[in-house]
Amino acid sequence: MASARKRRVSDGDEDGQNDNQQRSAPQSLTHPISPPLKKRRLPDTPTEAKYHPPFKSVGSPFQLTKIKDLPAGLNKDTYTLRDVLGDPLISECWEFNYLHDIDFLMSAFDEDVRSLVKVHVVHGFWKREDPNRLALQESAARFNNVTLHAAFLPEMFGTHHSKMFILLRHDDTAQLVIHTANLITRDWTNMTQGAWFSPRLPLLKPEHDEGRPRIGNGAKFKLDFLNYLRAYDTKRPTCKDITTKLMKYDFSSINGSLISSVPGRHTVTQSTSSTNFGWAAMKSALAAVPIHSTIEHKPEVAIQISSIATLGPTDSWLKNTFLHTLGNTPATTFKVVFPTPDEIRKSLDGYMSGGSIHTKTQSPQQVKQLQYLKPLFHHWANDSASGLRMFPPRPLLSPSANAPSPNIAINASKVKNSGRKRAAPHIKTYIRSHRPTPESSETDIHIDWALLTSANLSKQAWGEALSAKENTVRISSYEIGVLVWPGLYGENAVMKPAFLEDALPPPEQTRGDGDGKGKEDYDGKDEVVEVALRMPYDLPLQPYGPGEVPWVATASHTEPDWMGRIWQA
């Protein structure tokens with residue numbers, strides 16, 4: 001059998017970069033769905049029914065990429081690279097990433113303006129003799145309108161891992177697209193990816209006051225975003241030009257909080273007029289987000305990533321720094337969503353998907369790390385014959401976390417289908433949820449907050465806390481993401497998981513309760529606002545079984561994938 005090619009990566013938080021030819025896979029998960037109603041109308045009758053206030057639905061702030069080898073029914077509300085870059089009004093594009101295929105990038109622009117768009121590529125290959133840098137230079141030289149910029153990386157294990165587009169248009173608008181995919185073909189075909197698209201940002205009007213920075217508003221987002229870009233200019237001008245241009249745009253339409261990382265040592269600040277990075281940015285943003293923390297609500301945080309770096313032989317950093325940042329309370333359960341070798345074998349690209357998904361279990365330190373992570377591991381596809389199904393979930397790192405649990409089959413009728421179980425994960429999401437009532441099921445949940453980011457589970461990405469006396473965080477890599485929560489959309493808004501599309505189905509509503517109050521008398525104070533959050537994985541999540549381990553790209557896998565290939569380390 002032919003062996004799948006792969007490359008070794010550092011112990012850091014890097015993506016794989018194989019970009020081999022894709023092969024068609026058997027179609028699955030093809031259950032048809034009916035399209036949702038475009039607009040909810042209150043019925044005119046019956047007047048004797050109980051009155052409910054008008055319903056407002058908000059589409060998902062995160063979107064998924066289109067998967068090449070899945071049917072149209074599983075690709076609703078998805079996007080391609082051409083959807084991002086194909087607008088002929090784009091005049092300038094700044095592309096930030098870890099891996100770049102210049103030909104693939106340029107092919108996504110409209111044919112009529114492809115040679116006219118000013119394209120800036122920001123990469124992390126700062127060593128002049130780096131083969132990746134030389135290959136990038138050779139590719140860029142074929143296009144007169146492409147300029148390369150090398151990000152400064154002072155840390156040994158740091159990478160330029162941010163994934164983002166900044167687009168300027170001829171109609172004097174700008175747009176930010178923060179996403180999870182490398183700029184290579186494989187990442188945009190059969191791997192699950194996600195993105196946050198900002199609204200079109202207009203130029204500032206002279207009389208417009210952007211207001212004071214506040215967690216979640218556009219003024220704070222702009223402050224943090226420009227400070228992120230300024231970090232590239234520490235040693236040499238890199239992003240100064242685009243930073244200056246973006247200062248002239250109005251960010252007030254943005255709802256969300258920027259969570260970014262830049263290399264170096266950073267003082268943790270409590271002021272909203274300053275910018276935190278790494279876990280400190282997440283901590284300060286979450287301080288403004290209301291959450292349900294009682295055990296009756298069964299709150300949980302799902303950490304879904306495509307790479308796990310070396311975190312240490314004990315759970316000190318994970319538990320005391322990172323999970324504490326995410327809101328570690330006695331009631332909170334933490335789950336790490338990461339694929340097993342079997343899930344990689346069954347993915348659309350088989351073992352080739354594994355070249356972009358990383359953790360290690362070979363060294364004694366990594367073996368110890370696996371031991372304390374094992375109770376937290378949950379499946380990506382959630383359909384493993386060897387996996388567990390437990391209720392209620394295990395508390396974080398409890399003494400009984402390793403106790404055996406019955407292998408109970410999941411009731412298929414209760415599974416919420418995301419349509420992505422066979423598209424291997426390269427997306428990174430951090431989602432906190434709770435059950436609105438103690439009787440609610442594991443799939444009937446409300447979302448407290450959600451983060452879409454380039455940052456995996458690593459010290460390099462999130463930073464290490466130095467001594468409390470210094471009040472500083474040390475970060476190695478560039479990362480960027482956006483945090484959202486229901487309060488951004490209204491005082492009484494709720495956020496719920498959405499599956500197979502970017503919208504929630506409308507609730508059953510009637511009006512009139514016999515006291516004469518109807519739609520025409522509605523004062524707007526009790527409007528129901530429901531925000532959809534497009535889910536990249538099925539619910540409920542399935543814990544690993546006793547003999548299951550995470551996928552390891554640096555280990556050999558001799559059991560053939562569905563295409564008959566093996567994986568040689």
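In case you wondered, yes, glycine gets a Cβ from its N, Cα and C as well.
Heads up, TrEMBL stuff is auto-annotated, nobody curated it.
Residues annotated as active site, nucleophile in TrEMBL: H161. The active site, proton donor/acceptor feature in TrEMBL is assigned to H426. The substrate binding site annotation in TrEMBL covers K163, K428. Annotated compositional bias 'Basic and acidic residues' per TrEMBL: 510-522, in sequence order. Per TrEMBL, the feature region 'Disordered' maps to 1-55, 500-522. TrEMBL lists S458 with the feature site 'Interaction with DNA'.
Cβ neighbour density within 10 Å is lowest for K428 among the recorded positions H161, K163, K428. S458 (site 'Interaction with DNA') counts 27 other C-beta atoms within 10 Å of its own C-beta, drawing on all protein chains shown. Cβ contacts within 10 Å of H426 (active site, proton donor/acceptor), excluding its own Cβ and spanning all protein chains shown: 25. Cα spacing between K163 (substrate binding site) and H426 (active site, proton donor/acceptor): 12 Å, rounded to the nearest whole number. H161 (active site, nucleophile) and H426 (active site, proton donor/acceptor) are 13 Å apart (CA-CA, integer value).
Rounded to a whole value, the Cα-Cα separation of H161 (active site, nucleophile) and S458 (site 'Interaction with DNA') is 12 Å. The separation of K428 (substrate binding site) from S458 (site 'Interaction with DNA'), Cα to Cα, is 12 Å.
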